[in-house]
Amino acid sequence: MGKNVVVLGTQWGDEGKGKIVDLLTEQAKYVVRYQGGHNAGHTLVINGDKTVLHLIPSGILRDNVKCIIGNGVVLAPDALMKEINMLKERGIPVEERLLISEACPLILPFHSALDIAREKARGNKAIGTTGRGIGPAYEDKISRRGLRVGDLFNAELFAEKLKEVMAYHNFMLTEYYKVDAVDYEQTLSDALALADYLKSMCVDVTELLDNARKAGEPILFEGAQGTLLDIDHGTYPFVTSSNTTAGGVATGSGFGPRHLDYVLGIMKAYTTRVGAGPFPTELLCEVGDHLGTKGHEFGATTGRKRRPGWLDAVAMRRAVQINSVSGFCLTKLDVLDGLKEVKICVGYQHPDGTISKVTPLAAEGYEQVTPVYETMPGWSESTFGATFLEQLPQAAINYIKRIEELLETPIDIISTGPDRNETMILVSPFN
């Protein structure tokens, strides 16, 4: 029987999920996105050729894989078309490989307009969203006024629903945020123009995945963002608007949770964060500059510079608990090459002097703690491109083993470079 594997980020996103999903899809028949939208940025490097995907699952470059956008994903038709056209220009037969749930909420121009207006109004209290309308689209879904992909297939009803929801949002844009309204006729025309094309790719995702499971076909679920950005379990309110954790797989795809076999947590050998929000182990020093420069830490979606810091084992321990992580993939180990010492945060010191090994409830709690570090020797040798554990310097192996001890979870895969083949798979999630 085939295994059903979840790949998700355990930090604040940007852990290197895209590369690992692409690598593992060699053994998968289906790759499923189950949450988020085109705020994700998954970078694949194959034989030096770089591809950045925001909405389409990372298995799209494999000719043996069907890629599915599940109901938990908020879908911007214009962003999807841009990505499809980019791939088609490179000779990828997207229509043969991509399938979409009719239940995906739509992101429309007024969602992006609201997102941008809100961030501007917040001033120095901005959340740091991508401005792509993700949050407002999820709000409409929860408020039961959102439009979904399937609504496009009844033009008259879609027009009626769109008029109602746009009247509401345009009032907010013009009267509260004092910005221009979004044009209804243009929004309607642009959306309906893609209706037939999108309909040709729509399927009953729950039925499809359940049949695949019964047939023993391996399925890979691809998470976006990271655990610490989860709407419920992250550094609230500096979070995304979806459940980025393993529990989101079932709700965002319609796949039964009892049938998930393995959860692979992707974790950098250090930590980064994009945008605003608390970050206990952030390094505002030369070491931070080293990590940011050597790790090419710029967001794949926004281009924003990422904030680097040491690995936070306290936060990673919570990620293990929330996600039932079976094993980790440690990425960007090579970025630590050349450092005299490396540190791991093993506790949080609170203002009253007490030390805890659990994460606070929300952002305010994170902002009050000071990291307690364990220091280990660094290594001068290069780990870049290593494909066998024996090729690593002993100090790097010791660092890996210490992480495993602290998290009580094995590191099953180690990434030592951006390319597909710069990876050592110690234990395959599908085996």
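Glycine is treated like the rest: Cβ placed from N, Cα and C.
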According to Swiss-Prot, ASP14, GLU15, GLY16, LYS17, ASN39, ALA40, GLY41, HIS42, ARG144, GLN225, THR240, ARG304 bind IMP, and the residue from THR129, THR130, THR206, THR251 that belongs to that same site is THR130
Among the recorded positions listed as ASP14, THR130, THR416, the Cα nearest the Cα of ARG306 (substrate binding site) belongs to ASP14
DSSP, reduced to three states, assigns ARG306 (substrate binding site) to coil
Taking every pair from ASP14, GLU15, GLY16, LYS17, ASN39, ALA40, GLY41, HIS42, THR130, ARG144, GLN225, THR240, ARG304 (the record's IMP binders), the biggest C-alpha distance in Å rounds to 34
Reduced DSSP state (H/G/I helix, E/B strand, rest coil) at LYS19 (GTP binding site) is helix
Its Cβ having more other Cβ atoms within 10 Å than any other among the recorded positions HIS42, ARG304, LYS305, the winner is HIS42
